[in-house]
Amino acid sequence: MKKIFLFLSLVSVLGITSLFAISYDDNEYSRKSRAYTQLAEKAYDAGEYDTAIEYSQLAENFAQESAEYIKRMMARNEAEDAMNKARTRYAWAKQQKADKNYPTEYLIAGEAIKAGGIAFDNKNYDVAVTCAEKALESLKTVEPEDKVIAKAAADKAAAEKAAKEKAAREKSAKDKAAKEKAAKEKAAKDKAAKEKAAKEKAAKDKAAKEKAAKEKAAREMAAKEKAAKDKAAKEEAARKAAEEAAARKAAEEAAARKAAEEEAARIAAEEEAARKAAEEEAARKAAEEALYNEKGEKVLPSEYKVLTWKLDRECFWNIAKNPAVYNDPFMWRKLYEANKDKIPESNNPDWVEAETILVIPSIRGERREGLYDPDVKYQALPKR
C-alpha cells in the first residue's frame, strides 16, 4: 500500500513540475522540488518507504509553490504587456493631439492607465489587464491628426456646400414666389382693365341709346310743332280767305292733312329703318361670336404640348403661326412672355424643351380650353 501511495505521489510531483516547464521552471521552488523527488526515488529504491513518502510530500509542496510562482509571473508578464501596449497607444494618441481632438477618450484612457499602474504595483495583475484593455478600447477610435484635420476640412466643405445649396433653394423659392406674385398682380390688372373696358362700353352704349331716344323725341316734337304751326297758319289763312272760297279752304285743309300724314309716315319709316339696322348689326355680331361653336368645330385650345425641334421644328414662331393658336407668327412674343418661366433659360426664347406644356393666352377675348390635339380640326383664328 505504501508503495502504491509513494508511486502516485511521485507521478503527481512530476506532473506538476512538467506543467510549467516551458517558462519560469528554473526557480527556487522547482529546484527544491526536483531535489526532494530524487531523494524520494533513492529512498524508494533503498526500501525506505516512509522516508520516500516524506520526501515525495515535500517535493509535491515545493512543486505547488513553483506552480503558483510561475502563474504569478505569467500574470505579471501578461499585465506588463497589456500596460505597455496601452501606454504606447496613449503616447501615440498624445502625439496626434488626442487631448484636443478626442478629449473624453484621452481622459478616460489616461485615468485607466494610471489605475492599471497602481494595480500592477500592488500585484493585482488581473485588474491591471482590465485597465489596460479599457484604455485601449477608449483610444481605438483615435485617428491620426492629419486624418482628423482632413475630415474636419471635408466636414467644413460639406457644411459650406449644404449652406450654399440651402441659400440657392431659398433664393429659387423667393424668385418663384415673386414671379407668381407678379403674375397674379398682372392677372388682376388685366381683369380690372377688362372690367373697366366693359363698363365704359356699357356706358357708351347706354349714352348712345339715350341720345338716339332724345333725338327721336326731338324729331317727333319738331314734327308736332311744325304740324301745329302749319295747321294754325292754314286755319288763319282759311279764316282770312273764308270769304274768298270755301272750296279753296277745303283743298288747303286736305293738303295740310296729307302733308302731316306723309311727314308722320316718313318719320315712322326712318324709325323702323333704324330699328332694323340695329337688330341686323346685333345679329351680325352674335353670329361672328358664335362662329367658333356653331360650325361643329372644337373650341380653340388653351394649352400646347411642345414637340421636337429636330423633327417638328417646334419654336415660339412656328407655334404662334398655327391657325389654332394665333394664326400669326408675329404673335410669338405674346406666347413667349406667358411661358418664359417654363423654359430652361427665361431670357432665351430660342430654347424650348420637348414635352413642355405651354399656356395659350386669349388675345381677343376668344374662348379657349383644353390641350391642343393635332388630329382635331379647329376654326382658325381670323387674322386682323
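Think of each number as a place in line: the chain as shown, counted from 1.
Backbone N, Cα and C atoms are what each Cβ position is placed from, and that goes for glycine too.
Record features (Swiss-Prot):
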type   : residues : note
REGION : 151-235  : region '17 X 5 AA tandem repeats of K-A-A-[AKR]-[ED]'
REGION : 163-292  : region 'Disordered'
REPEAT : 171-175  : repeat '1-5'
REPEAT : 186-190  : repeat '1-8'
REPEAT : 191-195  : repeat '1-9'
REPEAT : 211-215  : repeat '1-13'
REGION : 236-288  : region '6 X 8 AA tandem repeats of [EA]-A-A-R-X-A-A-E'
REPEAT : 245-252  : repeat '2-2'
REPEAT : 281-288  : repeat '2-6'
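Counting same-chain residues at least six beyond the ends of the repeat '1-5' (171-175), none has a Cβ under 8 angstroms from any Cβ of the stretch. Applying DSSP to the region '17 X 5 AA tandem repeats of K-A-A-[AKR]-[ED]' (151-235) sorts its residues as follows: 85 helix, 0 strand, 0 coil. Summarising model confidence by region, the repeat '2-2' (245-252) averages a pLDDT of 67.
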